[in-house]
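Working notes, structure below.
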Amino acid sequence: MTEPLVTFERVEKRFDDFVAVKGATLDIGAGEFVAIMGPSGCGKTTTLRMLAGLDAPTSGTIRIAGQVMNDVPAHERDTPMVWQSLALFPFLNARENVEFGLKMRGVGVSERRQRAMTWLDRMEIAEFAERNVETLSGGQRQRVALARALVTEPKLLLLDEPLSALDAHLVIRMQSVLSRLQRELGITFVYVTHSQSEAFAMADRVVIMSQGEIAQVGTPREVYRAPRSRFVAEFVGRNNILPGEVVASHQGMVSVQTPLGTFNVQGDAAPGTSASIVVAADMMQVGGGENRLTATVISEEFVGSMVTAFLEASDGTELKVQVQERALADLGLETGREVSLGWNTADGHLLVDETP
Amino acid sequence: MTTFLRIYLLALFGFVFLPIVVSLLFSFNSDRFPTLPMSGFTTIWYETIFADPDFWRAARNSLIVSSCTAVIATFLGFCTAYTDYRYTFRGKSLFLAIILLPPTIPLIIIALAMLAWFAPVGMSGQVWSIIAAHTVLTAPFAMAIIRLRLNQIDESLEAAAWNLGASEWRAMREVILPFTRPAILSSLFLTAAVSFDEFTVAWFVSGLNKTLPVHVLEIVQGTIDPQVNAIGTLVFGISITLVVISQLLIFFRLQREAA
């Protein structure tokens, strides 16, 4: 990465006794699509608000394009935000909403009208320019909000769960609109969401936060395949987590003893360490694999052509297997049946528990 | 049950409005005494009051007092409503309690207190002493109306304006004021109506600068004079118009938002 556009240096934010963000250190590159995700109350929105200047860090430094931003008021930054509620001005029509940022910057009437129309056109809603925003549909309002944020041609766009109010089919559409827009504009998107699928579908890198701390930063693939903590492994979902204790370690390979058996996994840890093996649901095989166990099918969940089967092992551990829907019958994954599950050692991931 | 409610409602409106209707009818009655059957149609009482310079002085005072009161009370109401919406601070509930206190105090007590306070500092008997007193009375209504409107605002709206480059004052002008405009107009009309009608306090502090309600009382004290009906009808007409405009402003805004 060349010179990062945004840097957080040990940034901390307190509200009275409550620490919303602790010691966050993070670089975001120019032109990068970064998703900050985590459960509610994890500090992701506060992080975004600090970038917009709506909350000031208690300590630490935030830089944008090299400049320290800690004390720069919100209205002197060029960090437009797309809000969860969209926050469109109800007393203005669509075009006037888009013009707002230009008007605040003193752009003349005819120029700002023309630039607003260009953006409304680009968002394919030019025909609704003179309509009251309250009469527009959710997807159209979303596009007005995007046009309003982008009309000043910022280097950095902030998005705070912008798709959370949309229907599922619109979410998918808007995801591709956003991805394409970000590629075409080449600007940095910082996208806050609690939805793993949104983050993974669009982001170059994801930042996972938990209780005010950054738990892991990496590409969606890294975070998914190599979670660094149990929290991350659970949060990204569709992971099987088998906790146990390291019993042997030899040349980059360890054996972990779990209540369901002793399994091998690549990694390095001293015997006696408590550790877990993480196996993604799509790496689990039915009736195959180098490491084996048995479990009973509890239920199935269809996601289009894929099915996630939920199983229960003899000690009550919940397991998940993701398979093609058309293979379901062949594999004998019927509710109530006991099946053999397995995975190849290379597909497992070692997770050494943090010392408390 | 609905039948009972309907009758109850009719009776209620009857008790409230019949005296006013009677007063309106007798203001056009040619007989000096309000007796039935009415003796004939006349506009003489209106002609009498329109020819009376005292009436015009009182009307002018009422107009000045109610319009100044409306503007000042609405401004103060807006400031307190916005303070309550935007900020939390120590002693906020005490602050709000004091602001909303005046309507809970009996008018006669306020009136006496105002007089007792104005007289020694030489503020008694002026037009603007009535304005000051009426502002105290009506500002809580203004605050309540505008605060209700601010309840409906999306809290991100103001921050969105800052985020798009508006300073706090600019955001106030471009976002908060347009959003609360229906409530501000409504408050202007309502506080004007309350002030225009108000008698007790005005009577105590007005001195020689009578307002219309005070003028009416002075006529009644002298004689039985159907002029009173005519003035009463005019005052009622103006007040009810202001209140209706105020209500319509709220009502249409709500309807548009529901649509």
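Just so it is clear, glycine is given a Cβ too, placed from its N, Cα and C backbone atoms.
What TrEMBL annotates here:
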type: TRANSMEM; residues: B:7-28; note: transmembrane segment
type: DOMAIN; residues: B:59-246; note: domain 'ABC transmembrane type-1'
type: TRANSMEM; residues: B:63-82; note: transmembrane segment
type: TRANSMEM; residues: B:94-119; note: transmembrane segment
type: TRANSMEM; residues: B:125-146; note: transmembrane segment
type: TRANSMEM; residues: B:183-205; note: transmembrane segment
type: TRANSMEM; residues: B:230-252; note: transmembrane segment
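Within the same chain, residues 96, 99, 127-128, 130-131, 134-135, 138-147, 150, 176, 180, 184, 187-189, 191-193, 195-196, 202, 211 sit at least 6 positions outside the transmembrane segment (B:63-82) and bring their C-beta atoms closer than 8 Å to a C-beta of that stretch. Residues of the same chain lying 6 or more positions beyond the ends of the transmembrane segment (B:183-205) and with a Cβ under 8 Å from any Cβ of it are 62, 65-67, 69-71, 73-74, 77-78, 107-108, 110-112, 114-115, 118, 124-125, 129-130, 133-134, 137-139, 141-142, 145-146, 148-150, 177, 211-214, 217, 235, 238-240, 242-243, 245-247, 249-250. Stretch with the largest number of CB pairs closer than 8 A to the transmembrane segment (B:94-119), among B:7-28, B:125-146, B:230-252: B:125-146. Among residues of the same chain six or more beyond the transmembrane segment (B:230-252), those with a C-beta under 8 A of the stretch's C-beta atoms are 20, 23-24, 27, 45-46, 48-49, 55, 62, 145, 182-183, 185-190, 192-193, 196-197, 212-213, 215-216, 219.
Sequence-remote contacts of a segment are chain residues at least 6 beyond its ends whose Cβ falls under 8 Å from one of its Cβ atoms, and for the transmembrane segment (B:7-28) they are 34, 38, 41-43, 45-46, 226, 228-230, 232-233, 236.
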